[in-house]
Amino acid sequence: MASEKVETIVAGNYMEMERAAGGEAADDGGDDHQAGGTASASASRRGGGGKTALSSLFWHGGSVYDAWFSCASNQVAQVLLTLPYSFSQLGMASGIVFQLFYGLMGSWTAYLISVLYVEYRTRKEREKVDFRNHVIQWFEVLDGLLGKHWRNMGLFFNCTFLLFGSVIQLIACASNIYYINDKYDKRTWTYIFGACCATTVFIPSFHNYRIWSFLGLLMTTYTAWYLTIAAIAHGQVEGVTHSGPTKMVLYFTGATNILYTFGGHAVTVEIMHAMWKPQKFKFIYLAATLYVLTLTLPSAAAVYWAFGDALLDHSNAFSLLPRSGLRDAAVVLMLVHQFITFGFACTPLYFVWEKLVGVHEARGVALRAAARLPVVLPIWFLAVVFPFFGPINSTVGSLLVSFTVYIVPALAHMATFAPAAARENAVERPPRGVGGWPGMFAANCFVVAWVLVVGFGFGGWASTVNFVRQVDTFGLFAKCYQCPPKH
């Protein structure tokens, strides 16, 4: 019995992963070493050709830094432009508190997802399962640890959220480009950018987003500080008022948009799987969140200070800032970043579809790209149907994000480690300072209760009411949502 326990603890020290990843330095010039050793070896082959120094620099990423850039870049994209709108609904104090609170809660549940991924993968590798031509996804983690009913629940929420997350990126592209070129209405721009974003089918996996993640974060950083400095330089508009919060509907709508902001870890498993050593992920999302807060807090606070209640009718912060070369540059950079974020949200959907049609393990990029195209069509269609930039974020946040990245991971962690044997043989022990397993369970119960009541309950009610108002006011297939009248 004692020897069996020792063996379990050794395996729980990532012995399988470290052995697979240990060939990183020796295998730097070959095609067979990829994320986590065996896990994503196929990513390089799927990308085609030998690994040159240039392609390694720009294309083949799997380090801790790549994961940090991916998390930070994916976490804050178009939502940066809607946070001042949320501040006008919440008020300054509540807006700041909710950002800090949901940032911490999002980092916690991202940590839970990483723990479950490592637990699942370690168990499977003990059974000699080979992931060389297979990308592990969240629903498969749930299936392996808890069974098919959890798998189906994870698959439904994750796919639906990522579908609408991609829709939101398309809507944001049309909303932003309109402020530098109003020759076409926003619906026409949605058609155009839908075709542009469809080119993401050629990016094999998250392993190949190295340069895009880096550039995406630079673009968001520029935009955030442009908003901050431009708003302060502009000063407060004449007669500015800061009356929020005034209505409960608006208050919880704004809160759920912030819940959505820090719920970008629906792709955590795919990002981890693209790493050479996934066990090092642990607190990467927290580090990414801390950086993101340096962008979201100053920009949202500054724009709200300058324009106040005017933001209640302008969900895109660009719409209130005077046109200039700096603003146009921010718009263009955000457009490129939204293309990148579209790829982040869509790539897990591509993987699911590939597995469904049986081409996931194919090595031909053209075949997989062709198979992925049907995934883009419903996204394109829904972006035209619901062009409500801003309100749709809150609706998706309350109805989908609340379960996808908060409630389900917390419940899954508790269910996985409920048996004493599972806790004893756990690959990842509770971090210091949380009170061991009882502290972990207490924190998870709090997350479930809070998000279920405040996020899904009140937030779902408020965001749905607000969304229906947008439909009643502008109608479905709105040609140009919140466009100023042309003179």
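Just so you know, the numbers here start at 1 and follow the chain as drawn.
Note: Cβ is positioned from N, Cα and C throughout, glycine not excepted.
Note: TrEMBL annotation is automatic and uncurated.
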19-41, 249-271 - the range that TrEMBL marks as transmembrane segment: 249-271
Stretch in 249-271, 283-307, 329-353 most in contact with the transmembrane segment (155-177), if contact is a CB pair under 8 A: 329-353
Spatial neighbours of the transmembrane segment (189-207) far in sequence, C-beta under 8 Å, 6+ residues away: 34-35, 40, 43-44, 46-47, 60-62, 70, 135, 166, 169-171, 173-174, 177-178, 267, 270-271, 273-274, 335, 339, 342-344, 346-347, 350-351, 365, 368-370, 372-373, 375-376, 379-380, 383-384, 387
Outside the transmembrane segment (365-390), six or more residues from its ends: residues with CB under 8 Å to it: 46-48, 78, 82, 85, 163-164, 166-168, 170-172, 174-175, 186-187, 190-191, 194, 197-198, 201-202, 204, 257, 315-316, 346, 349-350, 353-354, 357, 359, 467, 470-471, 474, 476-478, 481-482
Tertiary contacts of the transmembrane segment (441-462), as residues 6+ beyond its ends and Cβ separation under 8 Å: 105, 108-109, 112, 248-253, 255-256, 259, 394, 397-399, 401-403, 406-407, 410-411, 413-414, 434-435
